[in-house]
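Report on one structure; see the data block that follows.
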Amino acid sequence: HSSTMVVAGVFLLIRLHPLFKNYQSMLEMTLCLGAMTTIFAALCATTQNDIKKIIAFSTSSQLGLMMVAIGLNHPHIAFLHMCTHAFFKAMLFLCSGSIIHNMNNEQDIRKFSCLNNNLPYTTTCMMIGSMALMGLPFLAGFFTKDLILEALNTSYTNAWALMMTLLAVTLTTAYSSRLIIMSTSGTPRYLPLSQTSENYFIKNPLKRLAWGSLISGLILTTTIPPMKPQIFTMPIHIKTAALIMFMVSLIISIELTNKKINQTVFSFFTQLAFYPHILHRLMSHLSFISSQKLMTQIMDLSWLEKIGPKGLTNNQLKPSTMLTEAHHSNSATLPLMAFALTLIMLSLTAR
């Protein structure tokens, strides 16, 4: 988790924020990039069925949300969200690894069900982490996501960035609820001989991370002075916007669990907007074709045909063709010229 935050550059932007906080264009660029990142990653996570991909894309979505907070000129809120996000996201990755191990390396959530009966501790921790990721009141994520939404709703910012961020937050609750519903409801869809025993060595880390997901937001926002968030005042309809989005996203998550839903709607985001195909396959294919044509035109055509053996053959062919044509046009001239040249050479050598 820490390496992801560092490599993505969010922590670097937080540290460098004093250098560009007075440049409005830089802040707007950060805001727009964060909004596009969070909405795209949230859409990809909503359409995925791999549990590890869902959690990984949710991490990318939360990175975009931190970028939005930095673009709003609130780096302390972004760092606070990074600290609380570390608890429940690390716990979610541990829970997914435990579930995959017990399900014989199965990662498709459509084959998960009733895990709360066989893996009660892991499933409980996964539900706590997912609810903290949603921003459920009084959990760790609530103290940070609610602040980011309040700062976003009370600022004079780009309307498109505002809409994309609000939609991404809504989809966060949707794919987190979908993960919980698919893992705990319905009849068992896994193999009857699957090993479903919880490892003792993973329970203690999950326990500590679960406590962090429950109380870390409250502790960080009340006891550490630099972390004390700014108080926002706003109308009641803006204050309840997060709650409204939470209710809407629950309806969306229930609809997403419907097996009869048209899968072609999700094909675009399931394939990550064809980004891997465009970047990895199309570019490499174009470079391969261009290099092949370059070698064919320059190496084969120019060097071997124009300059090499074929080129020499063509150069020798022209004078021989001229001699042949001259021989056919005047057959008596060439023998006489050859006879005269022979006599001249003999006379010169005789002297």
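Cβ from N, Cα, C; glycine included.
Unlike curated entries, TrEMBL annotations are predicted automatically.
Features reported for this protein in TrEMBL:
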type	residues	note
DOMAIN	3-168	domain 'NADH:quinone oxidoreductase/Mrp antiporter transmembrane'
TRANSMEM	26-47	transmembrane segment
TRANSMEM	54-72	transmembrane segment
TRANSMEM	78-100	transmembrane segment
TRANSMEM	121-140	transmembrane segment
TRANSMEM	160-181	transmembrane segment
DOMAIN	175-349	domain 'NADH dehydrogenase subunit 5 C-terminal'
TRANSMEM	209-225	transmembrane segment
TRANSMEM	231-252	transmembrane segment
TRANSMEM	264-283	transmembrane segment
TRANSMEM	332-350	transmembrane segment
Open item on the list: Let me spell it out: take the transmembrane segment (209-225), skip the flanking residues so only those 6+ beyond its ends count, and list any with a Cβ under 8 Å from a Cβ in it.
Closed with: 80, 83-84, 87-88, 90-91, 94, 124-125, 128-129, 132, 138-144
Task: Mean of pLDDT values spanning the domain 'NADH dehydrogenase subunit 5 C-terminal' (175-349) - done: 70
